[in-house]
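One structure below.
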(Lines of atoms letter the chains of each structure in order from A and count residues from 1; the text may use other names and numbers.)
(Lines give C-alpha, C1' and ligand atoms only; values in the text may rest on other atoms or scores of the structure.)
Protein backbone atom coordinates (compact mmCIF):
# COMPACT_ATOMS: atom_id res chain seq x y z
CA UNK A 1 0.00 0.00 0.00
CA UNK A 2 1.36 3.40 -0.97
CA UNK A 3 1.95 6.04 1.70
CA UNK A 4 -0.96 8.56 1.80
CA UNK A 5 -0.23 12.12 0.79
CA UNK A 6 -0.43 15.07 3.13
CA UNK A 7 -3.59 16.25 1.39
CA UNK A 8 -5.27 12.89 2.00
CA UNK A 9 -4.31 13.01 5.66
CA UNK A 10 -5.60 16.58 6.06
CA UNK A 11 -8.85 15.55 4.41
CA UNK A 12 -9.34 12.62 6.79
CA UNK A 13 -8.56 14.57 9.96
CA UNK A 14 -10.86 17.41 8.81
CA UNK A 15 -11.07 20.35 11.19
CA UNK A 16 -8.20 19.02 13.31
CA UNK A 17 -5.47 20.78 11.32
CA UNK A 18 -2.21 18.86 11.36
CA UNK A 19 1.05 20.68 11.98
CA UNK A 20 3.95 19.89 9.60
CA UNK A 21 5.71 17.68 12.15
CA UNK A 22 2.42 15.86 12.86
CA UNK A 23 1.87 15.31 9.14
CA UNK A 24 5.33 13.82 8.77
CA UNK A 25 4.70 11.52 11.74
CA UNK A 26 1.35 10.43 10.22
CA UNK A 27 3.05 9.51 6.97
CA UNK A 28 5.77 7.63 8.85
CA UNK A 29 3.16 5.65 10.83
CA UNK A 30 1.23 4.77 7.67
CA UNK A 31 4.42 3.62 5.96
CA UNK A 32 5.60 1.59 8.95
CA UNK A 33 2.33 -0.20 9.66
CA UNK A 34 0.91 -0.24 6.11
CA UNK A 35 -2.12 1.88 6.94
CA UNK A 36 -4.36 4.02 4.76
CA UNK A 37 -5.25 7.55 5.82
CA UNK A 38 -8.75 6.46 6.84
CA UNK A 39 -7.37 3.59 8.93
CA UNK A 40 -4.97 5.90 10.75
CA UNK A 41 -7.82 8.31 11.51
CA UNK A 42 -9.84 5.44 13.02
CA UNK A 43 -6.83 4.53 15.16
CA UNK A 44 -6.60 8.16 16.27
CA UNK A 45 -10.29 8.23 17.26
CA UNK A 46 -9.82 5.03 19.26
CA UNK A 47 -6.82 6.57 21.03
CA UNK A 48 -8.81 9.69 21.96
CA UNK A 49 -11.69 7.63 23.34
CA UNK A 50 -9.46 5.33 25.40
CA UNK A 51 -6.88 7.82 26.64
CA UNK A 52 -8.80 11.12 26.78
CA UNK A 53 -12.38 10.05 27.38
CA UNK A 54 -13.51 11.02 23.86
CA UNK A 55 -12.59 14.70 24.29
CA UNK A 56 -12.96 16.15 20.78
CA UNK A 57 -10.75 19.11 21.69
CA UNK A 58 -7.66 16.88 21.84
CA UNK A 59 -5.44 17.76 18.87
CA UNK A 60 -3.31 15.25 16.95
CA UNK A 61 0.10 16.62 17.88
CA UNK A 62 3.34 14.79 17.17
CA UNK A 63 3.68 13.74 20.82
CA UNK A 64 0.25 12.13 20.84
CA UNK A 65 0.85 10.50 17.48
CA UNK A 66 4.00 8.96 18.96
CA UNK A 67 1.77 7.38 21.62
CA UNK A 68 -0.45 5.99 18.83
CA UNK A 69 2.67 4.55 17.19
CA UNK A 70 3.67 2.93 20.48
CA UNK A 71 0.22 1.32 20.80
CA UNK A 72 0.43 -0.05 17.26
CA UNK A 73 3.89 -1.41 17.94
CA UNK A 74 2.65 -3.03 21.13
CA UNK A 75 -0.15 -4.75 19.21
CA UNK A 76 2.36 -6.08 16.68
CA UNK A 77 4.56 -7.44 19.46
CA UNK A 78 1.58 -9.12 21.10
CA UNK A 79 0.46 -10.74 17.85
CA UNK A 80 3.97 -11.94 17.14
CA UNK A 81 4.30 -13.49 20.59
CA UNK A 82 0.98 -15.33 20.19
CA UNK A 83 1.72 -16.67 16.70
CA UNK A 84 2.90 -20.32 16.89
CA UNK A 85 6.23 -20.98 15.29
CA UNK A 86 5.95 -23.30 12.27
CA UNK A 87 8.21 -26.31 11.91
CA UNK A 88 10.08 -26.27 8.55
CA UNK A 89 8.83 -28.99 6.21
CA UNK A 90 12.38 -30.02 5.42
CA UNK A 91 13.16 -30.83 9.02
CA UNK A 92 14.05 -34.46 9.50
CA UNK A 93 12.85 -36.66 12.30
CA UNK A 94 16.28 -36.56 13.89
CA UNK A 95 16.43 -32.75 13.87
CA UNK A 96 12.98 -32.53 15.48
CA UNK A 97 14.09 -34.92 18.20
CA UNK A 98 17.06 -32.68 18.93
CA UNK A 99 14.66 -29.83 19.67
CA UNK A 100 12.80 -31.83 22.30
CA UNK A 101 13.21 -31.04 25.98
CA UNK A 102 15.79 -33.25 27.71
CA UNK A 103 14.83 -34.85 30.98
CA UNK A 104 16.69 -36.47 33.79
CA UNK A 105 16.92 -40.22 33.24
CA UNK A 106 15.18 -40.90 36.56
CA UNK A 107 12.12 -38.80 35.66
CA UNK A 108 8.99 -39.99 33.89
CA UNK A 109 9.79 -37.67 30.98
CA UNK A 110 13.25 -39.20 30.68
CA UNK A 111 11.81 -42.70 30.66
CA UNK A 112 9.32 -41.83 27.90
CA UNK A 113 11.97 -40.03 25.91
CA UNK A 114 14.20 -43.08 26.04
CA UNK A 115 11.45 -45.14 24.41
CA UNK A 116 11.34 -42.87 21.34
CA UNK A 117 13.51 -44.15 18.49
CA UNK A 118 16.22 -41.74 17.38
CA UNK A 119 15.99 -39.46 20.42
CA UNK A 120 19.20 -37.61 21.24
CA UNK A 121 19.50 -37.29 25.02
CA UNK A 122 22.15 -35.11 26.55
CA UNK A 123 23.21 -35.08 30.21
CA UNK A 124 20.56 -33.30 32.24
CA UNK A 125 21.45 -30.13 34.11
CA UNK A 126 19.63 -29.56 37.41
CA UNK A 127 17.50 -26.45 37.02
CA UNK A 128 14.55 -24.98 38.86
CA UNK A 129 11.24 -25.29 37.02
CA UNK A 130 10.56 -21.64 37.84
CA UNK A 131 13.52 -20.42 35.81
CA UNK A 132 13.48 -19.42 32.20
CA UNK A 133 17.26 -19.31 32.12
CA UNK A 134 20.25 -19.09 34.46
CA UNK A 135 21.11 -15.72 35.95
CA UNK A 136 24.67 -14.65 35.20
CA UNK A 137 25.34 -10.96 35.70
CA UNK A 138 27.99 -10.87 33.00
CA UNK A 139 28.32 -9.80 29.40
CA UNK A 140 27.86 -13.43 28.35
CA UNK A 141 24.14 -13.39 29.14
CA UNK A 142 21.71 -14.75 26.61
CA UNK A 143 21.16 -12.49 23.59
CA UNK A 144 17.42 -13.01 24.04
CA UNK A 145 17.42 -11.39 27.45
CA UNK A 146 15.87 -7.91 27.16
CA UNK A 147 17.56 -6.83 30.37
CA UNK A 148 20.99 -6.89 28.73
CA UNK A 149 20.24 -5.10 25.45
CA UNK A 150 23.36 -3.46 24.08
CA UNK A 151 21.16 -0.58 22.90
CA UNK A 152 17.88 0.82 24.28
CA UNK A 153 14.65 -0.56 22.87
CA UNK A 154 12.69 1.62 20.41
CA UNK A 155 10.10 2.59 23.01
CA UNK A 156 12.89 3.44 25.49
CA UNK A 157 14.32 5.87 22.94
CA UNK A 158 10.92 7.54 22.50
CA UNK A 159 10.40 7.51 26.27
CA UNK A 160 13.74 9.26 26.91
CA UNK A 161 12.90 11.96 24.36
CA UNK A 162 9.37 12.70 25.65
CA UNK A 163 8.46 16.34 26.20
CA UNK A 164 5.58 16.05 28.67
CA UNK A 165 7.55 14.85 31.70
CA UNK A 166 6.58 16.57 34.94
CA UNK A 167 3.36 17.97 33.48
CA UNK A 168 0.46 18.17 35.94
CA UNK A 169 -2.47 16.33 34.37
CA UNK A 170 -5.00 16.76 37.20
CA UNK A 171 -4.94 18.89 40.33
CA UNK A 172 -7.14 19.21 43.41
CA UNK A 173 -7.14 22.24 45.72
CA UNK A 174 -4.29 23.84 43.80
CA UNK A 175 -4.99 27.19 45.46
CA UNK A 176 -3.85 25.94 48.87
CA UNK A 177 -0.47 27.30 50.00
CA UNK A 178 2.49 24.99 49.32
CA UNK A 179 3.44 22.62 52.11
CA UNK A 180 6.92 23.27 53.46
CA UNK A 181 8.36 20.70 55.86
CA UNK A 182 11.86 20.57 57.38
CA UNK A 183 14.23 18.03 55.84
CA UNK A 184 15.13 16.55 59.24
CA UNK A 185 11.52 15.88 60.23
CA UNK A 186 10.80 12.48 61.78
CA UNK A 187 9.24 9.73 59.72
CA UNK A 188 5.43 9.74 59.74
CA UNK A 189 3.56 7.50 62.14
CA UNK A 190 1.68 4.74 60.31
CA UNK A 191 -0.89 2.81 62.36
CA UNK A 192 -3.05 -0.08 61.20
CA UNK A 193 -6.79 0.61 61.31
CA UNK A 194 -7.83 -3.03 61.08
CA UNK A 195 -10.10 -3.72 64.08
CA UNK A 196 -8.29 -6.98 64.91
CA UNK A 197 -5.07 -4.98 65.21
CA UNK A 198 -6.67 -2.64 67.67
CA UNK A 199 -6.96 0.22 65.22
CA UNK A 200 -8.99 3.20 66.26
CA UNK A 201 -12.12 4.14 64.49
CA UNK A 202 -13.17 0.63 63.58
CA UNK A 203 -16.83 -0.08 63.25
CA UNK A 204 -18.32 -2.37 65.82
CA UNK A 205 -21.12 -3.78 63.70
CA UNK A 206 -22.07 -7.38 64.43
CA UNK A 207 -24.99 -9.73 64.17
CA UNK A 208 -25.82 -13.20 65.30
CA UNK A 209 -24.90 -14.59 61.90
CA UNK A 210 -21.28 -13.46 62.07
CA UNK A 211 -19.94 -16.09 64.43
CA UNK A 212 -18.53 -18.18 61.61
CA UNK A 213 -16.91 -15.12 60.07
CA UNK A 214 -15.36 -14.05 63.38
CA UNK A 215 -13.92 -17.51 63.87
CA UNK A 216 -12.30 -17.33 60.46
CA UNK A 217 -11.12 -13.72 60.82
CA UNK A 218 -9.57 -13.68 64.25
CA UNK A 219 -6.42 -11.96 63.07
CA UNK A 220 -5.54 -9.29 60.60
CA UNK A 221 -3.97 -10.41 57.32
CA UNK A 222 -0.23 -10.68 57.71
CA UNK A 223 2.74 -12.97 57.30
CA UNK A 224 1.33 -15.37 59.91
CA UNK A 225 -2.27 -15.20 58.68
CA UNK A 226 -3.29 -18.32 56.77
CA UNK A 227 -4.84 -17.37 53.45
CA UNK A 228 -6.50 -20.57 52.25
CA UNK A 229 -6.82 -20.38 48.49
CA UNK A 230 -8.86 -22.84 46.40
CA UNK A 231 -10.57 -24.22 49.51
CA UNK A 232 -13.78 -22.21 49.32
CA UNK A 233 -17.24 -23.70 49.19
CA UNK A 234 -20.12 -22.22 47.25
CA UNK A 235 -22.03 -21.95 50.52
CA UNK A 236 -19.28 -19.76 51.99
CA UNK A 237 -19.78 -17.17 49.27
CA UNK A 238 -23.54 -17.22 49.80
CA UNK A 239 -23.04 -16.75 53.56
CA UNK A 240 -20.75 -13.78 52.92
CA UNK A 241 -23.33 -12.07 50.70
CA UNK A 242 -26.07 -12.74 53.26
CA UNK A 243 -24.02 -11.19 56.06
CA UNK A 244 -23.31 -8.09 53.94
CA UNK A 245 -27.02 -7.46 53.49
CA UNK A 246 -27.77 -8.14 57.16
CA UNK A 247 -25.06 -5.76 58.39
CA UNK A 248 -26.32 -2.96 56.19
CA UNK A 249 -29.94 -3.67 57.19
CA UNK A 250 -29.07 -3.33 60.88
CA UNK A 251 -27.36 0.03 60.28
CA UNK A 252 -30.27 1.28 58.13
CA UNK A 253 -32.75 0.52 60.90
CA UNK A 254 -30.61 2.45 63.40
CA UNK A 255 -29.94 5.37 61.02
CA UNK A 256 -33.55 5.95 59.97
CA UNK A 257 -35.26 4.72 63.19
CA UNK A 258 -37.16 1.98 61.34
CA UNK A 259 -38.83 -0.60 63.54
CA UNK A 260 -38.89 -3.35 60.92
CA UNK A 261 -37.80 -3.63 57.29
CA UNK A 262 -40.28 -5.03 54.78
CA UNK A 263 -40.00 -8.14 52.64
CA UNK A 264 -40.08 -6.70 49.09
CA UNK A 265 -41.23 -10.01 47.56
CA UNK A 266 -44.61 -9.76 49.36
CA UNK A 267 -47.49 -7.54 48.13
CA UNK A 268 -47.53 -4.10 49.78
CA UNK A 269 -50.21 -1.48 49.13
CA UNK A 270 -48.39 1.14 51.22
CA UNK A 271 -44.89 2.51 50.76
CA UNK A 272 -42.35 0.34 52.61
CA UNK A 273 -38.57 0.28 53.03
CA UNK A 274 -36.53 -2.73 51.93
CA UNK A 275 -32.82 -3.55 51.95
CA UNK A 276 -31.32 -5.91 49.40
CA UNK A 277 -28.68 -6.48 46.75
CA UNK A 278 -28.93 -5.44 43.11
CA UNK A 279 -28.50 -8.39 40.72
CA UNK A 280 -29.08 -9.15 37.06
CA UNK A 281 -30.12 -12.28 35.21
CA UNK A 282 -28.07 -15.35 36.23
CA UNK A 283 -25.51 -13.08 37.82
CA UNK A 284 -24.16 -15.79 40.10
CA UNK A 285 -24.17 -18.54 37.49
CA UNK A 286 -21.66 -17.01 35.13
CA UNK A 287 -24.33 -15.80 32.72
CA UNK A 288 -25.37 -12.29 31.75
CA UNK A 289 -24.66 -9.95 34.65
CA UNK A 290 -25.89 -6.78 32.95
CA UNK A 291 -28.76 -4.91 34.54
CA UNK A 292 -31.39 -2.92 32.70
CA UNK A 293 -35.08 -2.14 32.58
CA UNK A 294 -36.17 -5.78 32.34
CA UNK A 295 -33.16 -7.45 33.98
CA UNK A 296 -33.06 -5.60 37.29
CA UNK A 297 -33.76 -7.55 40.48
CA UNK A 298 -33.47 -7.04 44.23
CA UNK A 299 -32.08 -10.00 46.19
CA UNK A 300 -33.04 -10.25 49.86
CA UNK A 301 -31.22 -11.83 52.75
CA UNK A 302 -32.42 -15.12 54.21
CA UNK A 303 -33.97 -13.45 57.24
CA UNK A 304 -35.56 -10.50 55.46
CA UNK A 305 -36.95 -12.34 52.44
CA UNK A 306 -35.86 -15.95 52.38
CA UNK A 307 -33.04 -15.06 49.95
CA UNK A 308 -35.58 -14.62 47.12
CA UNK A 309 -35.40 -12.08 44.33
CA UNK A 310 -38.02 -9.67 43.05
CA UNK A 311 -38.07 -7.60 39.86
CA UNK A 312 -37.43 -3.87 40.32
CA UNK A 313 -39.23 -1.06 38.52
CA UNK A 314 -37.08 2.08 38.82
CA UNK A 315 -39.08 4.34 36.46
CA UNK A 316 -40.48 6.20 39.45
CA UNK A 317 -37.06 6.93 41.00
CA UNK A 318 -35.78 10.39 40.13
CA UNK A 319 -32.11 9.60 40.80
CA UNK A 320 -30.06 6.43 41.09
CA UNK A 321 -26.73 4.84 40.29
CA UNK A 322 -26.83 1.04 40.32
CA UNK A 323 -24.53 -1.90 39.60
CA UNK A 324 -24.74 -5.69 40.19
CA UNK A 325 -23.80 -6.55 43.78
CA UNK A 326 -24.74 -3.16 45.23
CA UNK A 327 -26.62 -3.16 48.56
CA UNK A 328 -29.37 -0.53 48.43
CA UNK A 329 -32.16 0.92 50.56
CA UNK A 330 -35.29 1.09 48.39
CA UNK A 331 -38.64 2.67 49.20
CA UNK A 332 -41.69 1.67 47.16
CA UNK A 333 -44.65 -0.64 46.71
CA UNK A 334 -45.28 -4.14 45.45
CA UNK A 335 -48.92 -4.02 44.41
CA UNK A 336 -49.21 -7.48 42.82
CA UNK A 337 -46.38 -9.34 44.52
CA UNK A 338 -44.44 -9.69 41.27
CA UNK A 339 -42.63 -6.36 40.96
CA UNK A 340 -41.33 -3.82 43.48
CA UNK A 341 -41.89 -0.30 42.15
CA UNK A 342 -39.21 1.98 43.62
CA UNK A 343 -40.15 5.56 44.45
CA UNK A 344 -36.68 6.49 45.70
CA UNK A 345 -33.37 5.05 46.85
CA UNK A 346 -32.28 6.32 50.26
CA UNK A 347 -28.63 7.04 51.10
CA UNK A 348 -26.75 4.33 52.92
CA UNK A 349 -25.46 5.13 56.43
CA UNK A 350 -21.90 6.42 56.54
CA UNK A 351 -19.06 4.86 58.48
CA UNK A 352 -17.72 6.78 61.44
CA UNK A 353 -14.74 9.01 60.72
CA UNK A 354 -11.39 7.99 62.17
CA UNK A 355 -10.55 10.14 65.21
CA UNK A 356 -13.97 11.85 65.17
CA UNK A 357 -14.13 11.72 68.96
CA UNK A 358 -10.39 11.92 69.64
CA UNK A 359 -9.01 15.43 69.98
CA UNK A 360 -6.00 14.36 72.07
CA UNK A 361 -3.99 13.23 69.02
CA UNK A 362 -3.52 16.21 66.69
CA UNK A 363 -3.01 15.63 62.99
CA UNK A 364 0.53 16.33 61.76
CA UNK A 365 1.15 17.51 58.18
CA UNK A 366 2.83 15.21 55.69
CA UNK A 367 3.30 14.79 51.97
CA UNK A 368 3.37 11.58 49.96
CA UNK A 369 4.21 10.22 46.54
CA UNK A 370 1.90 7.42 45.39
CA UNK A 371 2.72 5.32 42.33
CA UNK A 372 1.32 2.09 40.90
CA UNK A 373 3.00 -0.44 38.64
CA UNK A 374 3.91 -1.75 36.21
CA UNK A 375 7.20 0.14 36.37
CA UNK A 376 8.78 -0.83 33.07
CA UNK A 377 7.88 -0.54 29.39
CA UNK A 378 6.39 -3.47 27.52
CA UNK A 379 9.36 -4.12 25.22
CA UNK A 380 12.17 -4.14 27.82
CA UNK A 381 12.90 -4.88 31.47
CA UNK A 382 15.10 -1.87 32.19
CA UNK A 383 12.60 -0.07 34.49
CA UNK A 384 13.29 3.42 33.13
CA UNK A 385 9.98 4.84 34.52
CA UNK A 386 10.84 3.57 38.00
CA UNK A 387 14.29 5.17 37.82
CA UNK A 388 12.70 8.50 36.85
CA UNK A 389 10.19 8.16 39.68
CA UNK A 390 13.01 7.62 42.18
CA UNK A 391 14.77 10.73 40.86
CA UNK A 392 11.60 12.73 41.45
CA UNK A 393 11.26 11.35 44.98
CA UNK A 394 14.88 12.25 45.78
CA UNK A 395 14.21 15.82 44.65
CA UNK A 396 10.82 16.19 46.38
CA UNK A 397 11.88 14.49 49.69
CA UNK A 398 8.33 13.44 50.71
CA UNK A 399 7.39 12.05 54.09
CA UNK A 400 5.89 8.88 52.61
CA UNK A 401 6.39 6.88 49.42
CA UNK A 402 3.68 4.35 48.56
CA UNK A 403 4.72 1.95 45.80
CA UNK A 404 1.87 -0.24 44.61
CA UNK A 405 2.46 -3.37 42.55
CA UNK A 406 2.74 -5.11 40.26
CA UNK A 407 6.50 -4.83 40.48
CA UNK A 408 7.13 -7.82 38.21
CA UNK A 409 3.89 -8.19 36.27
CA UNK A 410 2.79 -11.60 35.04
CA UNK A 411 1.22 -9.88 32.00
CA UNK A 412 4.50 -8.40 30.73
CA UNK A 413 4.88 -9.59 27.10
CA UNK A 414 8.54 -10.52 27.45
CA UNK A 415 8.01 -12.54 30.61
CA UNK A 416 5.02 -14.33 29.10
CA UNK A 417 7.15 -15.20 26.08
CA UNK A 418 9.98 -16.49 28.29
CA UNK A 419 12.49 -13.98 26.98
CA UNK A 420 14.31 -13.35 30.24
CA UNK A 421 17.25 -15.07 31.89
CA UNK A 422 16.07 -13.82 35.29
CA UNK A 423 13.51 -15.32 37.61
CA UNK A 424 10.98 -12.80 38.99
CA UNK A 425 12.75 -12.65 42.35
CA UNK A 426 16.14 -12.18 40.69
CA UNK A 427 14.74 -9.50 38.41
CA UNK A 428 13.36 -7.65 41.42
CA UNK A 429 16.69 -7.92 43.22
CA UNK A 430 18.69 -6.69 40.22
CA UNK A 431 16.40 -3.89 38.97
CA UNK A 432 14.21 -2.66 41.86
CA UNK A 433 16.02 -3.34 45.14
CA UNK A 434 19.03 -1.08 44.31
CA UNK A 435 16.62 1.81 43.72
CA UNK A 436 14.89 1.15 47.04
CA UNK A 437 18.27 1.05 48.79
CA UNK A 438 19.20 4.35 47.21
CA UNK A 439 15.96 5.87 48.48
CA UNK A 440 16.59 4.73 52.04
CA UNK A 441 20.25 5.74 52.06
CA UNK A 442 19.50 9.24 50.72
CA UNK A 443 16.20 9.87 52.55
CA UNK A 444 16.41 8.09 55.92
CA UNK A 445 13.39 10.06 57.25
CA UNK A 446 11.13 9.00 54.40
CA UNK A 447 8.88 5.99 55.00
CA UNK A 448 8.71 3.62 52.03
CA UNK A 449 5.87 1.10 51.88
CA UNK A 450 5.18 -1.59 49.29
CA UNK A 451 1.68 -2.88 48.48
CA UNK A 452 1.44 -6.16 46.51
CA UNK A 453 -0.81 -6.78 43.52
CA UNK A 454 -2.71 -9.86 42.42
CA UNK A 455 -0.79 -10.11 39.12
CA UNK A 456 2.62 -9.66 40.76
CA UNK A 457 4.95 -12.62 40.22
CA UNK A 458 6.84 -11.80 43.42
CA UNK A 459 3.80 -12.35 45.62
CA UNK A 460 2.87 -15.95 46.49
CA UNK A 461 -0.81 -14.96 46.88
CA UNK A 462 -2.71 -14.62 43.62
CA UNK A 463 -6.16 -13.64 44.94
CA UNK A 464 -7.72 -10.61 46.60
CA UNK A 465 -7.21 -9.80 49.49
CA UNK A 466 -3.47 -10.27 49.93
CA UNK A 467 -1.39 -10.22 53.12
CA UNK A 468 1.80 -8.14 53.24
CA UNK A 469 4.92 -9.55 51.63
CA UNK A 470 6.62 -11.67 54.28
CA UNK A 471 9.88 -10.42 55.79
CA UNK A 472 11.62 -13.60 54.59
CA UNK A 473 10.50 -12.88 51.01
CA UNK A 474 11.63 -9.26 51.26
CA UNK A 475 15.03 -10.50 52.42
CA UNK A 476 15.29 -12.79 49.38
CA UNK A 477 14.34 -9.84 47.18
CA UNK A 478 17.18 -7.86 48.85
CA UNK A 479 14.78 -5.14 49.99
CA UNK A 480 16.26 -2.83 52.67
CA UNK A 481 15.01 -3.61 56.17
CA UNK A 482 13.58 -0.12 56.60
CA UNK A 483 11.22 -0.73 53.66
CA UNK A 484 8.07 -2.50 54.81
CA UNK A 485 5.08 -4.06 53.08
CA UNK A 486 1.39 -3.43 53.66
CA UNK A 487 -1.58 -5.68 52.98
CA UNK A 488 -3.80 -5.30 49.92
CA UNK A 489 -6.25 -3.73 50.59
CA UNK A 490 -5.15 -1.78 53.64
CA UNK A 491 -6.45 0.94 55.94
CA UNK A 492 -3.85 2.89 57.89
CA UNK A 493 -3.64 6.17 59.79
CA UNK A 494 -0.76 8.34 58.54
CA UNK A 495 -0.08 11.07 61.10
CA UNK A 496 -3.72 10.78 62.16
CA UNK A 497 -5.19 10.85 58.62
CA UNK A 498 -7.12 7.73 57.60
CA UNK A 499 -5.81 6.40 54.28
CA UNK A 500 -7.37 3.45 52.45
CA UNK A 501 -5.59 1.73 49.55
CA UNK A 502 -7.13 -0.88 47.24
CA UNK A 503 -4.61 -2.10 44.68
CA UNK A 504 -7.13 -3.84 42.45
CA UNK A 505 -8.82 -2.26 39.46
CA UNK A 506 -12.46 -2.44 40.55
CA UNK A 507 -13.34 0.78 38.71
CA UNK A 508 -13.09 -0.59 35.17
CA UNK A 509 -15.65 -3.41 35.70
CA UNK A 510 -17.82 -0.95 37.64
CA UNK A 511 -17.75 1.40 34.68
CA UNK A 512 -18.99 -1.38 32.41
CA UNK A 513 -21.73 -2.53 34.79
CA UNK A 514 -23.12 0.72 36.20
CA UNK A 515 -26.43 2.24 35.09
CA UNK A 516 -27.47 5.65 36.40
CA UNK A 517 -29.99 8.46 36.14
CA UNK A 518 -29.19 11.94 37.44
CA UNK A 519 -26.83 10.65 40.16
CA UNK A 520 -25.90 12.86 43.09
CA UNK A 521 -22.23 12.74 42.05
CA UNK A 522 -22.29 13.63 38.37
CA UNK A 523 -18.56 13.13 37.72
CA UNK A 524 -18.54 9.50 36.63
CA UNK A 525 -15.02 8.35 37.49
CA UNK A 526 -15.02 9.65 41.10
CA UNK A 527 -18.54 8.25 41.43
CA UNK A 528 -17.21 4.77 40.67
CA UNK A 529 -14.68 5.10 43.49
CA UNK A 530 -17.37 6.52 45.78
CA UNK A 531 -19.42 3.35 45.28
CA UNK A 532 -16.72 1.45 47.17
CA UNK A 533 -16.85 3.97 50.04
CA UNK A 534 -20.63 3.85 50.16
CA UNK A 535 -20.73 0.05 50.08
CA UNK A 536 -17.99 -0.16 52.75
CA UNK A 537 -16.29 -2.77 50.59
CA UNK A 538 -13.19 -2.81 48.41
CA UNK A 539 -14.79 -5.11 45.82
CA UNK A 540 -18.61 -5.02 46.01
CA UNK A 541 -19.28 -6.34 42.50
CA UNK A 542 -21.50 -9.41 42.19
CA UNK A 543 -19.07 -10.89 39.65
CA UNK A 544 -15.69 -9.52 40.79
CA UNK A 545 -12.72 -9.35 38.42
CA UNK A 546 -10.19 -12.08 39.11
CA UNK A 547 -10.03 -14.33 42.15
CA UNK A 548 -11.71 -13.08 45.33
CA UNK A 549 -11.54 -14.85 48.68
CA UNK A 550 -15.06 -14.67 50.11
CA UNK A 551 -13.94 -16.39 53.31
CA UNK A 552 -11.64 -13.41 53.95
CA UNK A 553 -14.38 -10.84 53.43
CA UNK A 554 -13.46 -9.16 56.73
CA UNK A 555 -10.25 -7.93 55.06
CA UNK A 556 -12.26 -6.58 52.10
CA UNK A 557 -14.55 -4.47 54.29
CA UNK A 558 -13.88 -0.87 55.21
CA UNK A 559 -13.91 -0.45 58.97
CA UNK A 560 -13.67 3.34 59.14
CA UNK A 561 -14.44 6.21 56.80
CA UNK A 562 -11.17 7.14 55.05
CA UNK A 563 -9.99 10.71 54.58
CA UNK A 564 -8.03 9.66 51.48
CA UNK A 565 -8.98 6.72 49.27
CA UNK A 566 -6.41 5.53 46.70
CA UNK A 567 -7.36 3.00 44.04
CA UNK A 568 -5.26 2.77 40.86
CA UNK A 569 -7.09 1.98 37.65
CA UNK A 570 -6.45 1.91 33.92
CA UNK A 571 -9.26 4.44 33.57
CA UNK A 572 -8.34 8.10 33.30
CA UNK A 573 -6.51 9.34 36.45
CA UNK A 574 -8.49 11.67 38.72
CA UNK A 575 -8.44 13.48 42.06
CA UNK A 576 -11.76 14.53 43.52
CA UNK A 577 -13.11 15.52 46.95
CA UNK A 578 -16.60 14.33 47.82
CA UNK A 579 -18.39 14.34 51.16
CA UNK A 580 -15.18 14.72 53.15
CA UNK A 581 -13.18 12.03 51.26
CA UNK A 582 -10.39 12.63 48.73
CA UNK A 583 -10.71 10.07 45.93
CA UNK A 584 -7.50 9.45 43.97
CA UNK A 585 -6.67 7.33 40.95
CA UNK A 586 -2.92 7.92 40.45
CA UNK A 587 -2.84 5.98 37.17
CA UNK A 588 0.10 3.70 36.38
CA UNK A 589 3.75 4.63 36.05
CA UNK A 590 4.05 2.71 32.78
CA UNK A 591 1.30 2.24 30.20
CA UNK A 592 2.37 -0.17 27.50
CA UNK A 593 5.18 1.43 25.50
CA UNK A 594 4.89 4.89 27.05
CA UNK A 595 5.17 6.54 30.44
CA UNK A 596 2.20 7.06 32.73
CA UNK A 597 1.40 9.10 35.82
CA UNK A 598 1.79 9.15 39.60
CA UNK A 599 0.25 11.21 42.42
CA UNK A 600 1.65 13.81 44.82
CA UNK A 601 -0.45 14.30 47.96
CA UNK A 602 0.05 17.01 50.59
CA UNK A 603 -1.94 17.14 53.84
CA UNK A 604 -1.69 20.37 55.82
CA UNK A 605 -2.08 20.80 59.56
CA UNK A 606 -5.45 21.94 60.93
CA UNK A 607 -5.76 25.72 61.18
CA UNK A 608 -7.04 27.15 64.47
CA UNK A 609 -10.47 28.70 64.45
CA UNK A 610 -10.05 32.49 64.03
CA UNK A 611 -12.69 33.02 66.71
CA UNK A 612 -11.83 30.76 69.66
CA UNK A 613 -14.50 32.40 71.83
CA UNK A 614 -17.17 31.40 69.35
CA UNK A 615 -20.04 29.29 70.58
CA UNK A 616 -19.96 26.99 67.56
CA UNK A 617 -19.17 23.31 67.96
CA UNK A 618 -15.88 23.66 66.05
CA UNK A 619 -14.58 26.60 68.06
CA UNK A 620 -10.91 26.20 68.96
CA UNK A 621 -10.50 23.03 66.91
CA UNK A 622 -10.24 23.20 63.13
CA UNK A 623 -11.61 25.44 60.42
CA UNK A 624 -11.06 22.90 57.65
CA UNK A 625 -11.81 19.20 57.31
CA UNK A 626 -8.92 16.91 56.26
CA UNK A 627 -10.26 16.66 52.71
CA UNK A 628 -10.35 20.46 52.43
CA UNK A 629 -6.72 20.88 53.41
CA UNK A 630 -5.43 18.08 51.19
CA UNK A 631 -4.05 18.90 47.76
CA UNK A 632 -3.39 16.33 45.04
CA UNK A 633 -1.48 16.51 41.78
CA UNK A 634 -1.48 13.79 39.13
CA UNK A 635 1.90 14.21 37.43
CA UNK A 636 3.20 12.75 34.17
CA UNK A 637 6.30 10.61 34.76
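Keep in mind that glycine also has a Cβ here, set from the backbone N, Cα and C atoms.
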Given ranges 44-76, 77-109, 110-142, the stretch to which TrEMBL attaches the annotation region 'Disordered': 77-109
Positions whose Cβ lies under 8 angstroms from the compositional bias 'Polar residues' (158-168), at least six residues beyond its ends: 63, 66, 69-70, 152, 377, 384-385, 388, 392, 593-595, 633-637
Summary of DSSP states over the domain 'DNA polymerase alpha subunit B OB' (239-344), given as helix, strand and coil counts: 22 helix, 37 strand, 47 coil
